Amino acid sequence: MSESLRILVIEDDPSINEVVCAHLTRQGHCCVGAFSGTEGMLHLEHGGGSVPFDLVITDLMLPGMTGEDVVGRIRAASATLPIIVISARITPADKVMLLTLGADDYLTKPFDLDELTARVNVQMRHRRRAAGEDAAAPGPAGSEGVAARAGDGSPATLGATAPDIPVPANSRLSLRFRDWELDPDGHTFAVAGEPVALTRTEFNILELLMARPQKVFTKQELFELAWGEPYSVEDSTVNVHISNLRRKLKPTGTDGYLQTVWGLGYKLSLD
C-alpha cells in the first residue's frame, strides 16, 4: 500500500473496535481506538499530537455523546476530515440525516472487512485528489467556467461514463463561474469573495459543475466522478449533497445557480 492513514475508530463494542483497528493496522494504517463519543472528541481535540487524523470511523449508537453529535461536531470543526459511519441502525432516513450532517460514507453492521477497506481506499483517493497527487491525462480544452488549468489529467475508469468530463488535475488553478470562485489546490470556495465552507464531497461536485457550466451532469456521472464508485439507481446520495449545497448557498443568494434539469440531472445556470 502506498499511503498510510492515521485513523480514529470510535466504537463502544470492544471486540468490534479491536477487530477494525487490527484489520486496518494490517493494511498499513495507524489506528487509535476510542470507546465513546466523548473519548473520540478528546482524541480529536487534544490527543492527536502533531500528526492530525486523516479519517474518522464512528458508530452511531454510542454511550453519552451520540454518533450524530460526533459527526456534527467534527464537521463544524473541519469541512474536509473524512467520516465513515458504521451502525446496525442505518435506515434510508438515517442515511439522509447522516449525509446532511456531513458524513462521507456509511456501512451497515454486520459488514465485511474487505468492504471497509474499499471504503477507506475511496477516502484515500479523495485525499490524494484534493492534494493534487493523482496523475491524469489531458481533458478537453477549457470552458466558460475555467479560468486556467495546468498539468495533465485523465478521468478515472468508470465504465463508459462521460469520458469527456475533466477530472481534477495536478496543480489546478482557480475555477470561476459568475461570482463563484473555487480553488482546487487550496480547497477553498468563495461567493463574491466571501468564503463558504464545503465538505470534500460538496467541493468535488462543485468542481465538476464549474469546469463545465453548460453541461448537464447526470446523477450517475456526478456520483461516479465525485466518489469513484459504481452508481446504484436507488442511491439518493447525490440528491442529498445537492440539497446541502443549495442550503449553504442560499444565504449568498446564489443557490439558484445550481439548476435541476428534470429527468436528466444538474447543471449551472448561466441566466
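Residue positions begin at 1 at the first shown residue.
From the backbone N, Cα and C atoms, a Cβ is placed for every residue, glycine too.
TrEMBL lists region 'Disordered' for one of the ranges 129-165, 166-202, namely 129-165.
Counting residues per DSSP class in helix, strand and coil order gives 57 helix, 24 strand, 38 coil for the domain 'Response regulatory' (6-124).
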